[in-house]
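Per TrEMBL, the features are as follows:
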- G217, G218, P219, G220, T221, G222, K223, T224: ATP binding site (BINDING)
- 495-522: coiled coil (COILED)
- 1-18: compositional bias 'Polar residues' (COMPBIAS)
- 196-638: domain 'UvrD-like helicase ATP-binding' (DOMAIN)
- 1-20: region 'Disordered' (REGION)
Amino acid sequence: MSVSSAQPEMTQSETSQSEITQAEIAAEQARVSTLYDRLDHLRRQAEEQLASTIRAATSDTDQGVRERQHFAERLAQRAAALTAAERGLVIGRLDTDTGDRLYLGRIGMADDDAEPMLIDWRAPVAAAFYRATPAERLGIRRRRHLHLRQREVIGIDDDVLDFTAVDGDGQLAGEAALLNALRQARTGRMADIVATIQAEQDKIIRSGLSGILVVEGGPGTGKTVVALHRAAYLLYTHRDRLADKGILVIGPNRTFLRYVEQVLPGLGETDVVLGSIGDLYPPLRTAAVDPPATAMIKGDPRMVDLVAAAIVDHQRYPEDGLTVRVGDEEHSLDADFCRTLRDRARERAAQLQLPHNRVRPFVVERLLDELVGRELDRLEKMIDEVDVPELIEGEEDLDLRGFLDPKGMRANLAQSEAFSRAADLIWPELTPEGLLTELYTDADFRNRVATGLTPAERDSLTRPEPVEEPWTISDVPLLDELAELLGPAQELLDREAAEQRRAQAQRDSESLELDLAAAEAAELALEYADEDHGEILIEGSEVLSRYYDEGIIEPLADRARRDREWAYGHVIVDEAQELSPMAWRMLARRCPTGSMTAVGDLAQAAAPDSPQSWAAALDPVAAGRWRREALTVSYRSTGPILEYANGILAAAGSDATAPRAARPDGDEPWTSTATDLVRELPERLAGERDLIGEGNVAVITTPDRVDDCLALARSAFPEAASFADEDFLEAPVAVLTPEQSKGLEFDSVIIVAPDEIRAAGPRGHADLYVAATRPTRRLGLLQLP
Ligand SMILES: Nc1ncnc2c1ncn2[C@@H]1O[C@H](COP(=O)(O)OP(=O)(O)OP(=O)(O)O)[C@@H](O)[C@H]1O
């Protein structure tokens, strides 16, 4: 049974509102005010502690400085989390059978005697807030949602759970609060759902850390938002295991990542890197895509053998042997010698599991041994033949061997370009970029190494020259695979070592300046903290950036982002149905513990080679280590919209069905045939904007029609934006393709040329299904004659 206080925009429940008195709101206000006072106190304390830690970080040992920086970073995060908790600090209250009243919030707080005042939503006891139903009360008599506007209590929703006659089947927890949240106009940014998490979602959020958890569910079931809350939960519950490693969240593109980027900082969590597959080979960041047929081959598991073969192909030997000048003399090494050396190097690589470039020093040393040895033999022989007394009068005892300098000879030879070229003929230093370029541009090389591909498949790898942006998203897993097999090139290692020496020297000379900057930043932060007090709501991440901008603390996320080999504690993959087998392999390398959450919907998959099942996607990288959970209720779209979407699946003969709607009622989708799109689209857009009021409208159409539709939309709404525009997410009218609309949502959607979307390729119906499930309130189909 649900009871609501008098909020004009909320559903009126069947029970009389008068039961909730103003006195009760006043009592909650008193409690909430006390909790905000405590928040202010703790925040001030954290900022002061942080400021003094930073101030103290002078003239210490390296180890001491590092430890203090680490401590300062933790304190900065705590300050950020306390700041982020300002908005909607208290979520609600649980009244238990034993008479306790537990207040739940975005953050846990205790009083000076360590007595809990507010329980973090992620704490084990808070689970009952999300899971208790009248049928399964979990010791809870009443669940109360508190609605706050800034620090003021403006409403209360009560779920009375000990009302035994209520049937709990399909019960939505905190229904009034939930429906209120779902009816809100969209802002273009995903909001957190801490106050209204549903039981099936809570189970997923709190699922254990190990293995891969696959969360499947139809559009709008909360897969993305649940995955993000799971990240916050895991960082809270397994802080010891995740704190120094962080969590990687992979999304389909940058716009999507911008759409969700505020959720975790808003929950007080900053040790998270958001990126897409194109960002995982730093410093490269690419959003370029290949034609589908090429992307398919580049993502194919056969590429594993192909890239390995590309390396082996370079481990050659010159069939005529090789000749190298040492000093004044040329020495020849025959083919047998070269082949044996190459074979021994391969054996060494296999035995010691060394990447290719790490074996080059072995080859170089053996070549030097041989060449210097031969030259010494030659010189010694010459010395034996020379009659010294005859040569230099009075130096009868002189031994010319003493003038030989094998070390110097070796060093000179090692540095000579001719020697490097000779070593390259047997074991060249290779880079991932060089090797892939060769593969895409040299047909002979490709034919030698791509024996597992058909001629047409090989051709699809050809890259036209010259190229503006050489690397695509599908190249990134290949570059990464090659980087693993090759290891860093010596040149790169030397550069890195030099860089480190330079950085250390700079640190030493600048430490005084940094200390001064630190002290200033600390003072500044305290001043800000005073100003922010309650009134100005700032993001938690801003608190951190004050320190980061000064270079005093480097956030974990920044360190992780620029390190290709960073080992994350957990990886979350959104739109997981779109990942290629090669991309899965790369992600598995990023997460040695194998702890991942993959969320997706096979029915929404766009690629023709998308996996038929989760087993097909995951068994190759994690056989026996993945489990599955499902979400069944759509919180985005209304019943009539989902019914239309179901029709799309049924017409395509798909087994999948759209999820059940949390809001069964709503406007019926409209259909119209536009004989004059130039007139009709702007008119329809204006009509939708009037109907929805605050929110946003999207036009979704085929890639070919996007430009025309954008021009038409702009004729009525100059602020209309395309997917590439910076302000796309904030725009009141957006124009995009089904592919680009993945993961996003809008209050109203007009699909232009739905039949063309459906007819475009074997997965056209999936694109239409994605487009039709973007709206929260209204859907229109504008057919073209
Ligand atoms: N428990 C909840 N309370 C309030 N809002 C919710 C809840 N669960 C989901 N939502 C909202 O429903 C919408 C859809 O969620 P989300 O984008 O995570 O779904 P999805 O399953 O990832 O969808 P898609 O497959 O289409 O990308 C979001 O606006 C989200 O905030």
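Glycine is no exception: its Cβ is also placed from the backbone N, Cα and C atoms.
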Please classify the secondary structure at G217 (ATP binding site) using three-state DSSP. strand
When pLDDT is averaged across the domain 'UvrD-like helicase ATP-binding' (196-638), the result is 87
Around the ATP site recorded as G217, G218, P219, G220, T221, G222, K223, T224, what other same-chain residues have a C-beta within 8 angstroms of the site's C-beta center? D601, L631, S634, Y635, R636, P659
Chain-internal residues, separated by at least six, CB under 8 A from G217 (ATP binding site): K223, V599, D601, A630, L631, T632, P659
CB contacts under 8 angstroms to G222 (ATP binding site), restricted to the same chain and 6+ apart in sequence, sorted by sequence, are I193, Q198, Q201, L631, Y635
Students should find that the Cβ of P219 (ATP binding site) has, within 10 Å, a number of other Cβ atoms equal to 24
Around the Cβ of G220 (ATP binding site), how many other Cβ atoms lie within 10 Å? Please give the count over every shown protein chain. 28
Around T221 (ATP binding site), which residues of its chain at least 6 apart sit with Cβ under 8 Å of its Cβ? L631, T632, V633, S634, Y635, P659
